[in-house]
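Annotated features, as they stand in Swiss-Prot:
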- 41-105: domain 'SH3b' (DOMAIN)
- 122-286: domain 'MurNAc-LAA' (DOMAIN)
- 124-146: region 'Disordered' (REGION)
- 1-40: signal peptide (SIGNAL)
Amino acid sequence: MNKVDAWLSKHDLKNLTTLIVVGAFILFLILLFMLMNHSDQGSNRITVSENAELRTGPNAAYPVIYQVEKGDTFTRLSKSGKWIEVESRDGSEKSWIAGWHTSLNIEAGANKKVNPLKNKVIVLDPGHGGNDQGASSNTSKKSLEKNYTLKTAKELRRALEKAGATVKLTRSDDTYVSLDDRKLNGDAYISIHNDSLDSPNANGATVYWYKNNQEALAETLNTNIQKKAMLFNRGTRQENFQVLRQTNKPAVLLELGYISNPTDEVMIRNQIHRQVVEEAVVDGLKQYFAS
């Protein structure tokens, strides 16, 4: 009797079959675990389904970090409502994308499809007026801030009304209105100005806010103005202006270029450029109220 025959005679063949079955089952569990782990890793990747924007927070009021294109992929980190937190391309920072722009099959929802400006009351405050002319051009004393803030406000009113908003003006002609009397109720308040310095070198647009509930609107408008307008972007700044201080509503003060700068003055006086800025403001308000 050889060694194999001796071993088989010593051990029950049934036990050998059991060992084989148990071993195969353990191997199956190992393979299943590896497959599930690989699947979990894959599920953390999302694909952008259409051109979109990555933002610093989970709604459209947050500033845009950069644009992404259909087909781009990112690592998913977390979720807030219908917004997905992802790791940026270089892995150095986190950002957010609306879920309906991704492969996660998240619907935007009915609230994203309605007009965000419908039934919204927007207060427009054309700076200065009457005997308060505001800033003036260094080259032409006929170029007065009070005139261009009123032009911009009236043009912006038409654009906002076309978009479904109700608009109030703190002044509708060349009259002086005190700062106290510029306090009107609305869903958002926008004070329109042009900047000026003795030096002709200063240029660009600045968006001011004061209270914490005004910062998101300022960031959103600044982002949209930066995307469309040719004005140098000076960013957003917190400043204790009375028109911002005396309202509890989201409010900003726009300095749309330096009338003391020759290049900015050309853009301030140009209706086409003003319309570009006004469209950016309308887009920003839509974005803000859609969030």
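Each Cβ is built from the backbone N, Cα and C atoms, and glycine gets one as well.
Assigned with DSSP, the residues of the region 'Disordered' (124-146) fall into helix, strand and coil as follows: 2 helix, 7 strand, 14 coil. Counted with DSSP, the domain 'SH3b' (41-105) comes out as 6 helix, 32 strand, 27 coil.
Confidence for the domain 'SH3b' (41-105), expressed as mean pLDDT, is 82.
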